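One structure follows; several queries about it will come next.
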Amino acid sequence: MLGRCFPPDTKEKQQLRMTKLCDPAESELSPFLITLILAVLLAEYLIGIIANGFIMAIHAAEWVQNKAVSTSGRILVFLSVSRIALQSLMMLEITISSTSLSFYSEDAVYYAFKISFIFLNFCSLWFAAWLSFFYFVKIANFSYPLFLKLRWRITGLIPWLLWLSVFISFSHSMFCINICTVYCNNSFPIHSSNSTKKTYLSEINVVGLAFFFNLGIVTPLIMFILTATLLILSLKRHTLHMGSNATGSNDPSMEAHMGAIKAISYFLILYIFNAVALFIYLSNMFDINSLWNNLCQIIMAAYPASHSILLIQDNPGLRRAWKRLQLRLHLYPKEWTL
């Protein structure tokens, strides 16, 4: 999404560069493979929207009914909203770019998609990192004074941290508008032929790109890896302690801890894959229509959907609500026929 094709500039027409587009790059994929990729992407978008919509609806209903929501529920609401918006945006973009390329290539439309994509991705990364951070502070068993003080204040800090992440993501997305531009060269000669071939060249602001990835991707990634790893170590130590005291594996507290670490472990794998795919995709390492670029899109679309499904499976409250919803959907046709 960061790369767009423009014709070579002349000194007289530098001001017109932003509105003169090259023809789309020739696709390296067969029509069947393109159709398959589009079908997979659309399926992932729909699954992600449904799963995150369910999580958001459950916690939003709790928020309205009780006039309050738990700290983890608040984080999940922010995370679900950002993912629903991101999945909807990506689905809308792929639809418009496939059906109306001229409209999609207009400056206002293109940059609206570009800024929104970066903003929502960074929000999702930060919210997920804060979810891992919250689990670490509430579940990990450390006795350091600073850690205990942080645990005592975490409930009041989370709302400020969430809104700070929104501000950072928005500011950063506006800063990164002109990091990378792709130009096309129509005069590259083909040997043993009188024809020319269209090539695509990237112009990248290296300093801006480094700042872009360090603040937007690497920082929340490092925070997530550290908190998840420390949480795993803490729970392992707790497991060994319970085993030595012969408490048993059916301790409710232990089961809750193991359920949380299981969810975090799966989330860690998905988070790393998504961050790497996002890094590659935004770096324009591959051609827009290449298989690798499309693979990155598939991974980025699969991440919100798969993690939301894991959250529903591993969270007792969400799992019960999902079963009740399935039961109602199963009984609804029978009630309608009666």
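Note: Cβ is positioned from N, Cα and C throughout, glycine not excepted.
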Ile288, Ser30 - same side of the membrane according to Swiss-Prot, yes or no?
yes
So which of Asn141, Asn185 shows up as N-linked glycosylation site in Swiss-Prot?
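Of the listed residues, Swiss-Prot records N-linked glycosylation site for Asn185.
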Say a student had to find the N-linked glycosylation site annotation in Swiss-Prot: which of Asn194, Asn245 would be the correct pick?
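Annotated as N-linked glycosylation site in Swiss-Prot: Asn194.
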Output the single range from 157-177, 263-283, 292-312 maximising the number of Cβ pairs under 8 Å to the transmembrane segment (75-95).
292-312
Averaging the per-residue pLDDT over the topological domain 'Extracellular' (1-30), what integer do you get?
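Across the residues of the topological domain 'Extracellular' (1-30) the model's pLDDT averages 47 on the 0 to 100 scale.
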Thinking of Cβ pairs under 8 Å, which stretch from 117-137, 157-177, 292-312 has the most of them with the transmembrane segment (263-283)?
292-312
